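Notes follow the structure.
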Amino acid sequence: MEKVTAIVLAAGQGKRMKSSVSKQYMLLKDKPVLYYSLKAFENSLVTDIIVVVGNDEISYVKEEIIKPYGFRKVTHVVEGGSERYLSVLNGLNKIKDSDYVLVHDGARPLIKTNTINTVISEVEEKKACIVGVASKDTVKISTHDGIIDSTPDRNQVYTIQTPQAFEYSILREAYDNLASYQGAMITDDAMIVECLNRYPIYLVQGEYTNIKITTPEDLIFAEAILREHQDFI
């Protein structure tokens with residue numbers, strides 16, 4: 001059986017939440033936000049989980065989240081970096097023998113186990129795939145001065161989520177070439193793989209409920225979704 005490792009990122013500062021508590025540790029229906037994504041991966045076909053956390057949070061996550069909720073697939077809890085991609089790199093450096101890697105934002109608590117399993121099935125066939133949903137809005141491209149430059153075809157515009165999945169060797173190669181991407185605004189793992197310009201990345205249909213907790217309003221939305229969909233709990 002092929003080994004699939006999930007890297008769950010929980011090192012974000014969450015400055016837009018206007019709270020002293022990191023967003024991934026805020027309570028959502030009496031449980032930490034991070035609990036929900038870890039539960040989804042624990043129940044999935046993933047073999048093991050690496051959790052990447054902020055400075056001085058390793059002990060807290062182990063004692064207050066992983067042990068109490070019995071997340072047995074978590075093999076490592078490591079400290080993150082100053083940027084998202086550096087946190088992923090720290091997680092990658094703990095992997096010894098995986099065939100595939102899924103990277104997920106811990107601030108996306110409403111990821112479904114079925115979606116994770118679909119991504120695993122797709123990446124085993126296609127080597128690189130990311131979860132996304134079709135844009136509901138018209139998207140405009142603007143200049144730095146705020147002037148509208150163009151309007152892409154909405155049928156080709158997707159809002160990208162996580163998890164993002166890759167054959168381990170591909171993601172490792174991409175991160176080994178990080179030095180050549182200096183100056184690039186790297187916002188997800190697909191961008192780093194895109195820079196290799198050798199591997200097609202396929203879309204996997206996601207769920208509009210797979211929101212990222214970024215602002216206080218997002219917690220309200222997530223709670224409303226949980227009330228309607230008990231399978232997340």
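Using N, Cα and C of the backbone, Cβ positions are placed for all residues, glycine too.
What Swiss-Prot says about this protein:
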- ARG16: site 'Transition state stabilizer' (SITE)
- LYS23: site 'Transition state stabilizer' (SITE)
- ARG154: site 'Positions MEP for the nucleophilic attack' (SITE)
- LYS212: site 'Positions MEP for the nucleophilic attack' (SITE)
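Proximity of LYS212 (site 'Positions MEP for the nucleophilic attack') to non-local residues of its own chain (separation of 6 or more, Cβ distance below 8 Å) is seen for ASP105, ALA107, ARG108, GLN161, ASP218, given in sequence order.
Just so you know, the Cβ of LYS23 (site 'Transition state stabilizer') picks up 27 other Cβ atoms within 10 Å once every protein chain is counted. Look at LYS23 (site 'Transition state stabilizer'): DSSP puts it in a helix. DSSP assigns ARG154 (site 'Positions MEP for the nucleophilic attack') to a helix in the three-state reduction. Around the Cβ of ARG154 (site 'Positions MEP for the nucleophilic attack'), 13 further Cβ atoms fall within 10 Å across all displayed protein chains.
According to its DSSP assignment, LYS212 (site 'Positions MEP for the nucleophilic attack') is coil. A separation of roughly 31 Å, to the nearest angstrom, links the Cα atoms of ARG154 (site 'Positions MEP for the nucleophilic attack') and LYS23 (site 'Transition state stabilizer').
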